[in-house]
Amino acid sequence: MNPHAMLISALSLLLGTTITISSNHWVMAWTGLEINTLAIIPFISKPHHPRAIEATIKYFLVQAAASALLLFSSMSNAWTTGQWDITQLTHPTSCILLTIAIAMKLGLVPFHFWFPEVLQGTSMTTALLLSTVLKLPPITILLMTSHSLNPILLTTLAISSAALGGWMGLNQTQIRKILAFSSISHMGWMAIITIFNPSLTLLTFYLYTLMTSAVFLTLNTTKALKLTTMMTSWTKTPMLNATLMMTLLSLAGLPPLTGFLPKWFIIQELTKQEMTLAATIMAMLSLLGLFFYLRLAYYSTITLPPNTTNHMKQWHTNKTTNTMIAILTSMATLLLPLSPMILTTL
């Protein structure tokens, strides 16, 4: 991609995110979301491959429909209450429409169909942006309107997402699709706690972003796109693959790694709110995710392929990327002892 075009798109992405997360007016929030959608399209379509163009069209249509629904929701609320303030969403129909619009933006079940397909059709770095940065503005809107949302609808969407994210990830062989279903499952964990403890949702999102960034950047360095190529990537970067296994297990939520922290807090909060059944179901559904993360970890480090590869070990790699991966991996695995300090911020 042309460096100038890339710079403009990246700055627009930053601008759109900043506008949405800092706005109080519905029209400004909608404007930020639209800027984001238009800014990411060049990144998705960059490979000039039919699959990338298909992914771009799917992404554009879904995001345009979600933005239109969000605008319609805010307009109908303004029509009945005379308020354009995001925190003043009180009309019941508007609340349901907004929940559906945000679910489409985040890829929650049953509006998840576009997400794995779009991730599969684009590059690893763009997939990372779609899984992390572009989820922040919709989550911010969800947090600002959390007191008005329907708890039954949101809990249903969250449990369905955790179930389907774990279930559909089991039989995938493409790594980007596995990470897409992992993202859907994590969004379910964030959605279920939004109404009861919005700051915990934000903490979960930050930690999820940390762990996912570490995984995506590692896979981008090893150029592993399928499970079969993952089996042979240990010959190129043995140490990176060993740390990848730890990050994947952290993403699965195993103690004593960082990923256990948000799940522990969420289950604790649900139990406090007397939602023991929902907490039990979510804990059981996380076992599905654990299975496919263990499968990825097994492929990346434990399995030896039947034949030897001719790859030379990469002693000289990009130092900037390596430093970033080292920092992210350390944070993605070692933050659990800091949980008492993190608890004070909630």
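Quick reminder: no glycine exception, Cβ is built from N, Cα and C everywhere.
Under the heading domain 'NADH:quinone oxidoreductase/Mrp antiporter transmembrane', TrEMBL lists 23-288. Residues or ranges marked as domain 'NADH dehydrogenase subunit 2 C-terminal' in TrEMBL: 290-343. The transmembrane segment annotation in TrEMBL covers 57-76, 96-115, 152-171, 178-196, 202-219, 239-257, 277-299, 320-343.
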Intrachain neighbours beyond the transmembrane segment (96-115), with Cβ under 8 angstroms and 6 or more residues off its ends: 33, 58-59, 62-63, 65-67, 69-70, 72-74, 76, 89, 130, 135, 137-139, 141-142, 145, 149-150, 153-154, 157-158, 160-161, 163-165, 180, 183-184, 187-188, 191
For the transmembrane segment (202-219), sequence-distant contacts whose Cβ falls under 8 Å of one of its Cβ atoms, 6 or more beyond its ends: 124-125, 127-128, 131-132, 135-136, 139, 143, 175, 179, 182-183, 186, 189-190, 193, 225, 240, 243-244, 247-248, 250-251, 258-259, 261-262, 265-266, 321, 324-325, 328-329, 331-332, 335, 342, 345-346
Interface check, the transmembrane segment (277-299) with the transmembrane segment (239-257), three or more C-beta pairs under 8 A: yes
